[in-house]
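Okay, structure first, notes after.
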Amino acid sequence: MSEPVAPDGAQPAPAGATPQPLQPIAGDRPATRTVFIVSDGTGITAETFSHSILAQFEMRFRKVRMPFVDTPEKAHIAVGKINEAFHTEGVPPIVFTTLVNQEANKALRRAKAMILDMFQTFIEPLEKELGLKSTHAIGRFHQNADTEAYKNRIEAINFSLAHDDGQSHKNLQEADVILVGVSRSGKTPTSLYLAMQYGLKAANYPLIPDDFERGKLPKALYDYKPKIFGLSIDPQRLTEIRNERRPGSKYAAIENCRYEVNEAEAMMRREGIKWLSSTHKSIEEIATTILQEIKVDRDNY
């Protein structure tokens with residue numbers, strides 16, 4: 001029986017010693033890995049899931065989105081692109097898939113890739129546990145254009161756009177939440193995310209130097225304090241963001257940013273308004289915190 005061969009430059013193991021497995025050589029694997037997101041619908045579900053999983057790894061990923069793969073023919077085209085990536089990069093791409101069509105799914109499995117099938121992972125065990133066959137309907141989660149929840153969501157988006165940055169005081173009583181904070185603290189993206197993702201009517205209102213001089217909330221908000229939630233931000237981060245918009249201005253100066261942030265936080269404390277710093281939080285984290293703090297009568301999500 002032949003002895004195991006040591007890599008170049010390594011000393012062979014002493015006679016009688018247990019051979020140790022060879023360690024991977026640095027550089028064997030690419031710094032960036034290609035990820036395909038294959039879905040028979042919009043791909044939002046698969047993309048969200050893949051983002052959560054891949055965020056656990058300190059590595060760069062090149063994402064290729066392939067929505068509306070709802071026939072075997074389209075699956076074959078997808079396989080061609082996946083295999084092309086395999087031959088180019090020398091490593092199997094990672095594929096997240098939510099295909100319902102069994103023939104399309106079968107075709108996709110011929111790809112030279114690591115395939116993570118969300119339906120096979122979750123739906124099949126649930127079918128066994130519930131003793132019930134799933135509908136296997138394509139895009140069922142998103143086929144809601146005629147539902148009440150969908151209409152509420154569109155209405156919420158229109159409301160949030162109309163009430164962005166204090167543009168309108170009309171119908172504020174309809175708001176589920178009113179976000180306040182200094183300019184560029186993250187109010188607009190958070191409002192739109194709450195509207196689009198959860199169907200919440202989210203208005204937002206800027207706190208400006210005039211408010212700080214008066215030491216009071218804007219008059220239009222007096223009657224809606226229970227609906228108000230505040231956003232703050234680190235002054236240094238704020239000056240960086242504002243300089244991208246208006247470089248070298250007083251508006252973006254660090255001294256002014258410190259003043260506005262300090263005054264806004266002091267006002268929110270005086271008024272008993274719950275608030276958080278958006279500095280190191282994603283829009284999703286901010287929205288989740290707001291949902292935990294406010295009481296919403298409707299359930300659109």
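Including glycine, each Cβ sits where the backbone N, Cα and C put it.
Annotated features, as they stand in Swiss-Prot:
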| type | residues | note |
| --- | --- | --- |
| BINDING | Gly181, Val182, Ser183, Arg184, Ser185, Gly186, Lys187, Thr188 | ADP binding site |
| COMPBIAS | 1-24 | compositional bias 'Low complexity' |
| REGION | 1-27 | region 'Disordered' |
Lowest local Cβ density among Ser185, Thr188, which the record lists as binding-site residues, within 10 Å: Thr188
Candidates Gly181, Gly186: member of the binding-site residues with the richest Cβ shell (10 Å): Gly181
For Lys187 (ADP binding site), the number of other Cβ atoms found within 10 Å of its own Cβ: 28
Residue with minimal Cβ packing [other Cβ atoms within 10 Å] among the binding-site residues Val182, Ser183, Arg184: Ser183
Collapsed DSSP category at Val182 (ADP binding site): coil
Cβ-centroid neighbours of ADP site Gly181, Val182, Ser183, Arg184, Ser185, Gly186, Lys187, Thr188, 8 Å, sequence order: Asn204, Pro206, Leu231, Ile233, Ser278
